[in-house]
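Mind having a look at this structure? Questions to follow.
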């Protein structure tokens with residue numbers, strides 16, 4: 001567009017501000033221009049006649065003086081026109097014509113979106129947004145605010161709280177430093193280095209060196225004093241932490257008032273450049289007068305007062321705690337190391353100061369004849385030798401082990417010696433106290449156990465207990481607490497629910513791994529049970545429960561062997577992974593047997609209220625407990641009508657599906673196997689060796705047992721890496737007639753054949769009470785069972801998916817049979833019968849064997 005065209009928009013006069021248009025692209029770099037006011041006055045070089053909004057004139061197409069034009073726009077035109085006679089600028093953005101490469105943006109147009117997002121407000125000098133200076137200013141401003149890290153999250157609670165604290169710093173004013181900011185952290189660390197240097201170097205320089213005009217000494221003093229003066233200024237802009245209510249003061253006025261009332265005087269006195277004043281005064285006085293200025297070097301000790309800033313040291317300790325959390329150090333170890341290091345460092349620092357003081361006082365007195373320096377003729381010795389003897393003298397006094405090379409003779413040395421002894425005794429007492437507290441805090445549980453056992457010993461002495469009782473009590477405490485005592489209930493009670501469950505599951509992991517009841521159950525059921533267990537220890541010969549008493553607990557065996565005793569002299573062994581005492585909890589009755597500990601037993605007990613509370617939420621597990629209880633009662637020659645009625649009701653109503661019934665039968669089968677192991681003499685000690693790898697997985701055990709129960713082709717237990725694939729071998733037998741029994745084997749292992757019956761669709765996994773349990777399986781003597789194969793072998797076949805045969809009359813059942821009253825139904829096989837298969841009815845009915853022999857023969861016939 002040229003000057004003759006009406007390219008300008010209505011109302012775009014220099015004296016008016018048009019409405020903002022679409023944001024233009026960022027212009028090329030241009031010299032910084034001052035930001036114009038919203039309504040600039042008319043240009044004095046152009047006529048200020050108004051133009052109509054409907055008649056845009058040529059002045060509407062002129063660039064404003066305040067606009068930023070590109071170099072191409074400055075090639076031609078007058079009064080701010082763009083080159084080539086075509087205005088290429090617009091107050092609202094770039095021209096919409098074809099010539100868009102030459103553009104200038106008017107001052108009336110607002111900043112672009114990129115500038116608003118990437119820059120702050122322009123400075124008073126007209127600095128454009130997005131410049132390098134603004135970027136550095138933003139980065140440095142972020143250093144003054146608390147960052148989002150582990151330390152700040154622990155201090156403020158959440159990321160949102162940290163962001164609110166950052167907004168507080170921004171709104172508090174310019175150059176306000178947060179005490180937890182990164183800048184303050186690095187600054188405090190730098191000041192710590194200067195503190196250590198001044199605490200060590202300044203006393204040595206004042207005491208043992210005469211010439212203070214050397215270049216290293218001047219550089220050290222200049223740098224130190226400069227940093228302390230800067231620290232004095234920064235303290236007026238640093239927030240103050242109120243330890244009582246954890247409030248952080250960020251108001252500049254409050255910071256100034258509080259700093260003036262506390263540490264300002266000490267910091268100001270310590271920051272005065274005394275050395276520079278001495279150097280200036282030295283040129284205006286003669287040398288004789290300057291000799292007396294040596295005594296004025298004591299003024300340098302005012303800097304020591306400024307370096308003992310306890311608040312800064314405490315702030316450093318808080319940051320060290322942050323480092324400990326980052327590097328995953330334990331709090332006890334970190335605090336112990338910090339306390340010991342601080343105490344040792346303070347004692348060494350006091351020894352250093354005392355050593356310098358031992359030489360400084362005689363030096364200020366021009367080394368009198370009775371001082372230790374003159375007596376030893378060490379006035380003209382080197383500073384290292386003088387410092388070594390002075391430090392030895394000071395440490396001898398502080399540790400109260402002597403006076404050094406000779407006893408003090410002058411009054412000054414006597415007072416210095418007494419001062420050293422007082423300081424040393426104080427440090428020694430502090431060290432003993434800290435060391436004692438450290439030792440007690442590192443092993444508080446053992447200390448608590450020792451204190452408790454001392455009370456037990458006094459109790460035994462007071463009641464004059466015999467020696468055997470005292471030994472039993474001692475053994476109990478050793479096995480129960482193992483040298484450490486703590487309130488576990490209180491510790492777990494203070495934790496939240498998820499964390500408490502994780503800890504309980506971890507503590508009881510061995511119990512869960514050894515119990516198929518837990519390993520194959522719902523994880524929620526396992527967690528609910530474990531959170532209610534109580535740990536107990538019993539010694540050999542202790543009767544855990546007695547027959548005929550009211551049961552209030554059941555027990556789970558983690559380690560140990562127990563014997564189940566009845567009045568009929570029938571005994572049954574239980575070991576790791578078993579449980580007992582659940583029968584009376586299920587029936588609300590009395591104990592049906594006594595349980596005695598054969599070894600040291602580590603058990604977990606469960607009260608009756610907690611037991612019923614958990615089982616109300618998991619009915620299948622109640623059914624599993626009831627089924628195992630019926631099987632155990634049958635093995636010791638007893639029965640419970642209440643449990644039988646409950647199980648029959650569940651079977652008839654079809655509450656549980658086939659999968660749940662199979663799991664229940666696996667639990668029953670594994671319980672029988674564990675009893676057989678204990679009866680065969682394989683007793684487990686208090687701390688048994690770890691089982692073979694193929695037995696450690698309870699899930700693999702269940703899968704292998706199920707596969708072997710339903711697959712007659714598997715002639716031996718599945719052991720090895722292929723064990724986990726065994727569920728694919730599980731097959732259901734189609735309904736059909738029961739295959740005929742195989743040819744009989746040896747008479748000792750061949751039970752009498754049970755009457756067969758036609759098969760029908762199965763409705764329950766149990767036979768009717770009183771019916772004989774018929775089993776079909778290969779014969780395997782019990783002595784051939786190895787330790788590795790017993791837990792994985794299918795000693796009791798799982799129930800097939802068919803209906804048990806109708807039960808015969810009660811009179812047809814042998815009276816002396818030890819077969820369980822609730823046994824699995826006849827098992828159907830899909831493969832052809834092998835010659836070595838035989839019916840597995842209990843031989844005890846025909847041969848009149850002892851109950852233990854009957855159980856063993858029943859085990860071999862079932863296998």
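From the backbone N, Cα and C atoms, a Cβ is placed for every residue, glycine too.
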The 3',5'-cyclic AMP site in Swiss-Prot includes 581, 582, 584, 591, 592. Which of 509, 632, 672 is also listed there?
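Given 581, 582, 584, 591, 592 bind 3',5'-cyclic AMP in Swiss-Prot, the matching entry from 509, 632, 672 is 632.
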Looking at 238-258, 322-342, 343-363, which stretch does Swiss-Prot describe as transmembrane segment?
343-363
Checking feature assignment: transmembrane segment per Swiss-Prot, candidates 136-156, 157-177, 262-282. Which range matches?
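Per Swiss-Prot, the stretch marked transmembrane segment is 262-282.
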Tell me, what is the mean pLDDT of the topological domain 'Extracellular' (210-213)?
65
Would you kindly list the residues that approach the topological domain 'Extracellular' (364-386) from elsewhere in its chain, counting only those six or more residues past its ends and only Cβ-Cβ distances under 8 Å?
204, 208-209, 294-295, 298, 358, 393, 404-406, 408-410, 412-413
Cβ under 8 Å to the topological domain 'Extracellular' (409-413), counting only same-chain residues 6 or more beyond its ends: which ones?
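For the topological domain 'Extracellular' (409-413), the sequence-distant neighbours (Cβ-Cβ under 8 Å, at least 6 residues beyond its ends) are 361-362, 365, 368, 370-372, 375.
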Just to be sure I understand the packing, how many Cβ atoms besides its own are within 10 Å of the Cβ of residue 380 (N-linked glycosylation site)?
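The answer is 6 other Cβ atoms.
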Of the residues in the topological domain 'Extracellular' (364-386), how many are helix, strand and coil by DSSP?
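Secondary-structure breakdown of the topological domain 'Extracellular' (364-386): 9 helix, 0 strand, 14 coil.
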Using DSSP, what's the helix, strand and coil tally for the topological domain 'Extracellular' (409-413)?
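Looking at the topological domain 'Extracellular' (409-413) with DSSP, the answer is 3 helix, 0 strand, 2 coil.
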